[in-house]
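First up is the structure itself, then whatever we jot down about it.
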Amino acid sequence: MDVTHTPVLTERVIQLLDPALRRPGAVVVDATVGLGGHSHALLEAFPQVRLIGLDRDTTALEHSRRRLTGLGDRVDLEHAVYDQLPDVLDRLGVPSVDGVLFDLGVSSMQLDLDERGFAYSRDAPLDMRMDQERGPTAADVLNNYDVDALTRVLREYGEERFARRIARAVVTQRQAAPFTTSARLVDLVRDSIPAAARRTGGNPAKRTFQALRIEVNSELEVLERAVPAAFDALAVAGRLVVLSYHSLEDRLVKRVLMPRSVPSVPPDMPVIPDDARPTLRWLTRGAEPASDTEIEQNARAGSVRLRAAERTAAEPGRAHNPTGGVR
């Protein structure tokens, strides 16, 4: 397994975080540390910065710990899901941070390890848990959800047009034997989708696997809590960067942050009170894709969309100190 994978949009991430991380005593959070690629680049680019890395995947944490070991006491790695960031910062005694990075979705390591069950291109156990120490597996979902629940998962999280058809086939086939490995599911999806639909869009199982992964790991629910919590943790002039890999993630990030970028008063109010002014300034115009050059060098960048924002003010009634947190 390659543990020195190339992280996506590294130069752009560093460029966006640069103004915030050059401040004395700067702290940056890598909320999805994975194999440590972005973290390593940030620590090299900013020799004085302290990095707090989170990941729910203990295997990934061990790899990143080895990769970052030479950087010593500037690194804190925590086994945590990113919506637990407030608890992590409280435990570490960190009142605010200067930058937060999210690199969402499944990691290259998780895809490469057959036993994790994320890849539909190889027969493997239907696990798909990012944290293998807890939670139901993809097999549990397939073998226990009824038709309506499975349809909801496939439709909402996979945007699968043939969700009910696939769900019915799953419920019918599991009566003969429970689902345990990915190859059987791939075959079922292929057989459930009309031939015309199978001829475009890549592997027909792609959407089903995405939906199951999101359901197993509660990815969108966690992200909806995590992004506002991360923004709340920023000091004034702190910056947030999010790399998304499908439209569900990207739309959610935009939706939860957008209200902070506009005044919290009616649009026809002639004067905006100070406590109603926006607390967020967008640093990107919409969602930025990777360049053609980056995609040629790193295939994973083909689906990435980047959004970044800066905190421009504290919430009403709270004054943020860029180096000392809330005061």
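Even glycines carry a Cβ here, placed using N, Cα and C.
What you see is a predicted model, and the numbers here were worked out from it, not measured in a lab.
Quick look at what Swiss-Prot annotates:
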- Gly36, Gly37, His38, Asp55, Leu89, Asp103, Gln110: S-adenosyl-L-methionine binding site (BINDING)
- 286-327: region 'Disordered' (REGION)
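Sequence-distant neighbours of His38 (S-adenosyl-L-methionine binding site) (same chain, 6+ apart, CB under 8 A from its CB) are Pro7, Thr10, Val13, Asp30, Leu101, Asp103. Within the set of binding-site residues (Gly36, Gly37), the lowest number of other Cβ atoms found within 10 Å of a Cβ is recorded at Gly37. The secondary structure of His38 (S-adenosyl-L-methionine binding site), as reduced to three states from DSSP, is helical. Cβ packing within 10 Å was compared across the binding-site residues Asp55, Asp103, and the lowest neighbour count falls to Asp103. Sequence-distant neighbours of Leu89 (S-adenosyl-L-methionine binding site) (same chain, 6+ apart, CB under 8 A from its CB) are Ile52, Pro95, Ser96, Val97, Ala233.
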